[in-house]
Each structure stands twice: as C-alpha cells, then as structure tokens.
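Student: For reference, the structure I am asking about is given below.
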Amino acid sequence: MDVDVPDDEDIVEFEEKKDLKRGLKQRHIQMIALAGTIGTGLFLGSGSAIVNGGPAGAFMGYLFVGILVAGVVLSIAEMSALVPLSGGIVRHAHYFFDPALSFAQGWNTVYSTLISLPAEITAAAVIITFWTTAVNNAVWITILGALLFISNLFFVRVYGELEFTFAMLKIMLIIGLIIMGLVIDLGGGPDHTRIGFYYWQNPGPFVQYLGIPGTLGQFLGFWATFSNAAYAYSGVESISVAAAETRNPRHAIPRAAKRIFFRVLLFYVLSILIVSMIVPSNDPNLLSGGAGAAASPFVIAANRAGIKVLPHIINAVVLTSAWSSGNSGMLGGSRALYGLAIEGHAPGFFKQVNRFGVPWIAVCSIGIFLALGYMTVSNNAALVFSWFQDLVGSAALVLWIVICTVYLRFYYGCKAQGIDRHTELPWAAPLQPYAAWVSVIMFSIILLTGGFAVFIKGDWDAQGFVGAYFNIPLIFILYFGYKFVRKTKMVPLMEMPIRDFIQIAKDNPETPERPMTGWRRLGFLWT
C-alpha cells in the first residue's frame, strides 16, 4: 500500500505544524466561513441567473445548490476536525480513498485556483471602471495582484485580519442591501412606488430559456441557474484548507461548519430573493450581459430607485469583495500545492516556508497566473469573465463531488472498524451519510448536464462546451494517469488510519479559546 500511516514524526501534531504558523483564530475562521467566498459570483454573476431563470428560477436555483453545498461543508468539516491538515481534501483523499485521487484533486484544485484568481481580479479591475475609464485595466490588475502577493506572503494572521475586515464589510453591505431592497419594494424609494412581487408577475417568475416555449423552457432556465450558483458558492469549503494554520481546529472548524446552512439562507438566498423583487429579468442592463459594475443587479436596483449615492457605496464594497475572494483563493490554492508536496505529489521545493511560516514558493507559483487577467486588456472583458466563470463553476462541482465521495469512504471506514463517530471522533456531522449521498448524486447530475444549452439545435458554442465539460476528462486523466504510473490501489476500509488519527487527537487536546466579551461578542450574537 502507498498510504502512510501517521507516526510520531507526523504529530503536528502532523508534520506541517513544525513549519506553518497557527495564526488563524476562531473569529477568523468564523468570518472566512461566513463571507470569505462572497464575491463576484453573488454581486455580479447573480444577474445572469435572473436573466436565465427569472426571479423564481434564480431564487430556487441558489436555494437548491446552497442546501447541497451545506452537505459538502458538513462532510469536509468532520474529516478536518479529525485530521486538521493543510490542503484539506487533498490530504484526506490520500488516507481515506486513494493516493491517486489525492494527486488528481490536488492538481485540480491548483488548476481551479489558477482560473478563479484572474476571474476575481479581472472583475475587480472592471468594477473600478465604474468611476474612471481613463486608466487601462492592466494597471489595476497589476496593483490588485501585487496586494494579493503582499497579503499572502506575510504572517497568515495578516491574511486572517484582512479577511475578517472585508467579511465585516460584505456582511454590512448585504444587510444594507436587504434593508434597501425591502424599503424600495415597499414604496420607500424616492418615487414611493410600491413594487411588491410585481416583477414576479410581469415579466413573470420564470423565463422561456433560449426561446423554448412552455414549461420545458422555464425548467431549463431554472436548471441553467445552477452554474451561476456553483460559481457563487465556489470556495465555501475553504474553512478546511488552512486547518494546520488554525488555532484549535477541532473546535473552530466544526463550529463554523454548523452555521453554514443558515448563513447560506441569509446571505445568498435572501439577497437573491430581494434583488429579484426589485429588478425585472428583462432589464436592459441585465440583458446586456456585461461583466462591469453597471451590470450588477444590486447597482441596477439602486439606479432604478433613483438613489444616486448608493451605487458608489455598493461598488466600493463589491470591489473589496472581489479582491477578498481572490485573496481567499490564493490561500487555498497555495495550501493545496503545499499539501501535494507534503504527500509527494508535487516537487519538494513547494514545501519551503519563509520566516513568517508561509509556503512562499507555492504562493508565488500560484500568483504568477494572475497574468491571465491581462487577457481582458485586448479582449472583451465580459466574454473573458464568462469563460472564467464557467471553468470555475465546473471545477467547483468536481471538487464537491470528490469531497462527498471521500467522506462516504471515510464514513463506511468508521463503520467497518467499529468506530462510533459520535463518541470517538472530535466531531460528528449531522444528517450523515444522507447529506453526502444526496450532494454527490445531485452534483454529478448537475455537472453532466451543465452544458446542455450547447447541444440545443442552433446554439452550439465551443466556449460553453469547454467551460462546462473540460474538468471531467481532466480529473480522470490525472487520476488514472497517476494510478497507471504509481500502481496505487484504493485504501481498504479496514486499513484506513482512522484510529491512529483519533489517538493523535487524544494525545494533543485543544484548549478552547477565551470566550468573546464586550463589543466582540455583540458582533457574533447571531452565531
């Protein structure tokens, strides 16, 4: 077998604890789990969801995918609470499924990061054009990219504090947008027009997707919103990728995961519901398909209501959201690359850390691909953003399928070895294994049907086909290629080192962080 059972040298507890610094606190993990991945997928990409699916279709699409994503987060959190290793699922796959899957998903995560980073930075640069078009986008891409490097190359605590601050801004913005939307909807705008659910009746709750008549066209429009939702939720599992750099991960990660479902409902689904009530699906700015700030449904809502200052405030926070999402992605991708090197699936020099305890070569190697963002300088920005969005969305679906698949092997490994998850593991996720089974089945269906529009007669689109399906052959080539070369085998249920990890957890008890008091506690009362 190629699976290494953890020994005394791995008690980091585990190897990376000797090198990486545990600079992420409970409040950092809470905020990263809550808002770390809220970026252009919600603030910009949600517009195309409303156009494709109508208000009801977009609302149900985000709700449905959000419920499935909650199952993914519960799955990764249970494994990370037991095995808090940098790289998350890349490391778990090595021990609980097959080293070949660890290799495949590890490099797939790196690939996804290489695509998502320029997508977020491109969006951030385009947002700046809301205020000025005198400066070339390449300048803003360079400045924003340099700031990403600075954030990721120094203390991980700097990253944590930045994400904490930006997450607070995003939370305040979304709460403000929800309140603004309700006020406008109920007639509190400058024109005092009460909208209610008028736009759900005219032009209607659903859209005839691609002009296909009847309920079939409406259903296909609803189904088309899944790719937008997948892009918006991509990275929500990132609470686990920096587990080795999180203080008391066996307490912090489960605590964050348990709140994911309600946060998804509040910040994603409710936002979509509100904006769908005050922006019609046939609004010309939505139909233009642009990736710029003016195409954000939240900005459109403020402009339609005649509130002049709000678009500037919204875009300022959306700008920080896009940059913050890229910041989170760079951390996740670099730690996946570091984890690959730890397991021997990547060159050993990626394990090198600087004096701040940051894997600097991994960070720089990921960051180089920010240069892909310069594609927008000579090409249509909306087209490039859409292309990146499709690729990232399909990569996210593959990642979620892998997480649930590895978790199911882990779950049945516990059963085979007679391990009571509720009494022996640091934390047992609720609703398992049902949540994992439902998520893996539904995400597989969504992945296979994600590019259905290109097969409709007269609508063939090579870009759409590649964006929807490129990741499927990629993950299989990586998986079976590694198996062929290294002759690896799936880890038998009875040989999974679950009890070894349980013993490591018992030998290294954690001390819960000091309870928050004063204003810090007030900020977390909703948790």
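Positions of Cβ are set from backbone N, Cα and C atoms, glycine also.
Keep in mind that this is a model prediction, so the values were computed, not measured.
Reproduced below are the annotations present in TrEMBL:
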- 28-489: domain 'Amino acid permease/ SLC12A' (DOMAIN)
- 31-51: transmembrane segment (TRANSMEM)
- 63-90: transmembrane segment (TRANSMEM)
- 110-131: transmembrane segment (TRANSMEM)
- 137-155: transmembrane segment (TRANSMEM)
- 167-186: transmembrane segment (TRANSMEM)
- 206-226: transmembrane segment (TRANSMEM)
- 260-279: transmembrane segment (TRANSMEM)
- 285-302: transmembrane segment (TRANSMEM)
- 356-375: transmembrane segment (TRANSMEM)
- 395-413: transmembrane segment (TRANSMEM)
- 434-456: transmembrane segment (TRANSMEM)
- 462-482: transmembrane segment (TRANSMEM)
Student: Given pairs 6 or more apart, does the transmembrane segment (110-131) have at least three Cβ pairs under 8 Å with the transmembrane segment (395-413)?
Tutor: yes
Student: When only pairs 6 or more apart in sequence are counted, do the transmembrane segment (395-413) and the transmembrane segment (206-226) reach 3 or more Cβ pairs under 8 Å?
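Tutor: No, the transmembrane segment (395-413) does not contact the transmembrane segment (206-226).
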Student: Is the count of Cβ pairs under 8 Å between the transmembrane segment (434-456) and the transmembrane segment (356-375), pairs 6 or more apart in sequence, 3 or more?
Tutor: no
